Structures are given as structure tokens and as C-alpha cells.
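Reading through the C-alpha cells given below for one structure.
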Amino acid sequence: MGFDSVKVMENWQSKTSNENEKKKKKRRRKKNNNVRNSEHYEEEANGCWVKFRYIVCCASSTSDVETSLTLSTSTVGSQSAIVQSNDQPVGPVSSTTTTSNAESSLSTPIISEELNIYSHLKKFSFIDLKLATRNFRPESLLGEGGFGCVFKGWVEENGTAPVKPGTGLTVAVKTLNPDGLQGHKEWLAEINYLGNLLHPNLVKLVGYCIEDDQRLLVYEFMPRGSLENHLFRRSLPLPWSIRMKIALGAAKGLSFLHEEALKPVIYRDFKTSNILLDGEYNAKLSDFGLAKDAPDEGKTHVSTRVMGTYGYAAPEYVMTGHLTSKSDVYSFGVVLLEMLTGRRSMDKNRPNGEHNLVEWARPHLLDKRRFYRLLDPRLEGHFSVKGAQKVTQLAAQCLSRDSKIRPKMSEVVEVLKPLPHLKDMASASYYFQTMQAERLKAGSGSGSGRGFGSRNGQPVFRTLSSPHGQAGSSPYRHQIPSPKPKGATT
């Protein structure tokens, strides 16, 4: 073999060796890519676990959550600014409605600068809360809200570790739905307000969890759920004395926020679904995601985007965006009216002219001869006549169109204090017989029965529903019967 032939052979062997080496590298790269793809798939699968949970538990959250949308101040003054129905957020027609979550996601929050850590709050790990709620299983689901799903769980009384169901401390774990209508900003507000504000009529925040994109809040468990459930979902009505006890407790909670807290707070989202009840029907305010600091001394109001629930928001706040403590007083008046009548603040299932509770009730509030037409027919006379008169007068003051005329919440508390203990039941008086006769006469004359009818001689309470076919959402949906009115039988 000549020199040239040897050189060609060496070149061919070198080329073959290089090609083989390239093939080996290509195979190694392909193998590594497969490994990375497998790892990525596993990460996706793990990440989807939480998403799957939200899909299972919160599939209907878009339609029936009770949350708060924002109203652009450019639409203030427009009479058509609000067209939403009961328990639907205040929002504009002509401008773009954005969620508070959008506001929260505009920039990545710096947790260390925004989150105020309070020594009495417990920091839970996500895995502990996952185990405490039994893997967020559907049987532990208490309900849904704008923030996300709420689950029942059990943890150590003096720690954060999960314990066997029925032992330790019973808690309600609220999870942040990444696709929900409330976001990180509201999560922070909950911690920063409830972590600092301690009062018997505010729900107790036990702790929180923040890991990666997980945001959870842990509250004391409220066994009797929300006032909304008892007013609009139960087969048995709340007795009059219990209604007055709840009204007094809720008033004390607002009074504390407005007049007793070191830094006064405007609640901004007072409604029946945010009033939770413990085992003794003590009222506790929950959901501080929309709360705002009251105006500084020397200022009359806080200017802010309009946020809240339609039917509860004060008219001057909706029109101007000027927020004061008297805005909360108006909302309290709406809830007081709901407790008095057994009707929702907004209900399009009612006859024309009765959709808006406040507007329907105004003519009756200050008329001593007509106020009884407001009373929940399911009470069947088991209410205090003097108490009912006081409540209607108080509701009228709270619902005054002039915010300056509305009372302070401390004044509301003083009016309500004696009402749970009054014993002058209407059913035991001649007054009640006259009232019933007038009511039946008015009902037969109008054809609508003022929103109530009878079946087998007994009053029938109309079943209410939201525009989406449900009666509105609440963070608690327990099947706990309401107490019976005195003298009632099953």
C-alpha cells in the first residue's frame, strides 16, 4: 500500500471515528432530554395536583362566589353604573371591570416588606394543612368564596402539626384560588388586619401559610356557619331573640373597628355572608380583604375605587368613591333590614317594585301603622312589638340618604342592647290579630301578598336564588338546624 493510500485510509478512519463520536453525543443528548422531559412532566403533574383540586372544588366559583369587583371612578355619576343583582359585585357597565386579583398581580410583591408578622400567628406548612384537611378532600369542603375554597381541618392546639379528625383544634382553612377573583393583596390585608385586631366579635385568625405560590389562611372554626345560611337557607327561621343577639354582636364588631381600634378601620364589605356564628350564635365579622384604614385626623373621607357588594354599598360611596365609616353604617342598616324581613337585599325573583329591599322598605320604615308589613312572616308573631318598632326606626336612620344623619355604631349598640331580652311577643296580643288581618287584606288586594303566601293556612317563605340559580355563596354551608321559635313544634 502506497503512502497516498495509507493517508486516505487514515483520513477515512478519522472521519468514521468523528461520525461515531457525534452519534454517541447525539444519543447522550437525547437521553438527557428524555430525563429532563420526564422530570418536567413529574413537576407538571405535581403542580397540577393543586390545580385539579381547584377544578374539583371550585369549578363553580366563577358563577357563585361572593367577592368584590372594582368600579372605575371614571364612571361615577352615571345612573347606569350598577346593574348587578344580589350578592354580585359593584361594577360598571360601560367601562372595563377588573378584579382585585388583577391589581394584585401587576407586580411581584415583596413579602418581607408587605407582610406584618404577629407573634400570636402560627406559620403553617402546606403539607401540614394538606394533612389537616385530609388532602383537601370534598368531604372537608365548607364552601367557596372570592378568595377560594374553605376546608375544615384539625391541628394541634399549641402547634401546627395535623391531628386526627375530632381532636385538637378545629380550624377553617381558606385556600387562595389562583384563578379566583381575589388575590395576594386581599390575602395580605386579611393577615395585616386580623393579625392585629383582636375582639370577641371579629373572627380569630389562627395562622397562615405562604410557600411558593401557595397562599392559605387558618381561622377558628365557626360551627354555625354564616348568618346568610340561617336567614335564607334553613327550613326553620331564626327566633327573634337570636336575630337581635346577632345584630348586637355584629354592631359591636363594627363599633370596635370604627371607634375603639388603635388605628380605626372601615370594613367595606359588611353583609350577611361575612357574619359568622359560633356555637352560641355570637356574631363575628370575617373576610377583611377589602378593609381600609379610616381617614387620618382632619380628613373627612378616603378616596378609593368603589368595591363592595351591590345592594349593601352606600349610595354616596358608589357615586363618588368617598369612603367613610358611615358607609359601613349604611351596610349595617341593609343587613338589619334583611334580618327584620327575611328578604335578601336584592332579589329579582320578587314582584316588580320589590327587587331592591331598601327601596321597597323605605315607605314602611317610619310609618307606625305599616311597619309590620316588613316583618318576616315566618316568625308567625314570635317577635317583640317594641323591639320590632325600635329596629325599624334604627334601620331607617342607618339607611338615611344623608350620611351625616346616620348614627355612629356605638349609638347603634346602645339601641340594640335591650332588644334581645324584650318579652312582649306580638302573638300574645290583640295587636298581632289586627296585624294579621291587615296583612291578609293587603295580600289579597295586591295579588302578590307582599312577597309571601300561604300553604295549608301557614305562611310560606319564598325560596330565593341568585342570577346563577343558586342562593348565593357563603364560606360555610353546614347542615345544622336553626333553633326553633319559642312554642314552635316540628
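Cβ from N, Cα, C; glycine included.
The feature active site, proton acceptor is assigned by Swiss-Prot to Asp269. According to its DSSP assignment, Asp269 (active site, proton acceptor) is coil.
Sequence annotations record features per position, and here Swiss-Prot assigns ATP binding site to Leu142, Gly143, Glu144, Gly145, Gly146, Phe147, Gly148, Cys149, Val150, Lys174 based on sequence analysis. Following the DSSP three-state reduction, the secondary structure of Gly148 (ATP binding site) is coil.
What Swiss-Prot records for 14-39 is coiled coil.
Swiss-Prot lists 23-33 with the feature compositional bias 'Basic residues'.
Look at Swiss-Prot and you will find 94-103 tagged as compositional bias 'Low complexity'.
According to Swiss-Prot, the feature compositional bias 'Gly residues' maps to 444-454.
For 136-422, the entry in Swiss-Prot reads domain 'Protein kinase'.
Marked as phosphotyrosine by Swiss-Prot: Tyr219 (among others). Tyr219 (phosphotyrosine) counts 22 other C-beta atoms within 10 Å of its own C-beta, drawing on all protein chains shown.
For Ser273 (among others), the entry in Swiss-Prot reads phosphoserine.
Under the DSSP three-state reduction, Ser303 (phosphoserine) is assigned to strand. Counting only residues at least six positions away in the same chain, the Cβ atoms of Gly321, His322, Leu323 sit under 8 Å from the Cβ of Ser303 (phosphoserine). According to Swiss-Prot, the phosphoserine annotation covers Ser303 (among others).
Annotation source Swiss-Prot lists phosphothreonine at Thr304 (among others), citing similarity to another entry. Here the Cβ of Thr304 (phosphothreonine) has 16 other Cβ atoms within 10 Å, regardless of which shown protein chain they belong to.
If you look up Swiss-Prot, you'll see Thr309 (among others) marked as phosphothreonine.
Counted within 10 Å of its Cβ, the other Cβ atoms near Tyr317 (phosphotyrosine) come to 28, all protein chains included. The phosphotyrosine annotation in Swiss-Prot covers Tyr317 (among others).
Residues or ranges marked as region 'Disordered' in Swiss-Prot: 1-39 (among others).
What Swiss-Prot records for 80-103 (among others) is region 'Disordered'.
According to Swiss-Prot, the feature region 'Disordered' maps to 442-490 (among others).
Separating the Cα atoms of Leu142 (ATP binding site) and Tyr219 (phosphotyrosine) is a whole-number distance of 13 Å. The distance from the Cα of Val150 (ATP binding site) to the Cα of Tyr219 (phosphotyrosine) comes to 10 Å. Nearest Cα neighbour of Asp269 (active site, proton acceptor) among the listed recorded positions (Gly148, Tyr219, Thr304, Thr309, Tyr317): Thr309. On a Cα basis, Ser273 (phosphoserine) lies 11 Å away from Glu144 (ATP binding site).
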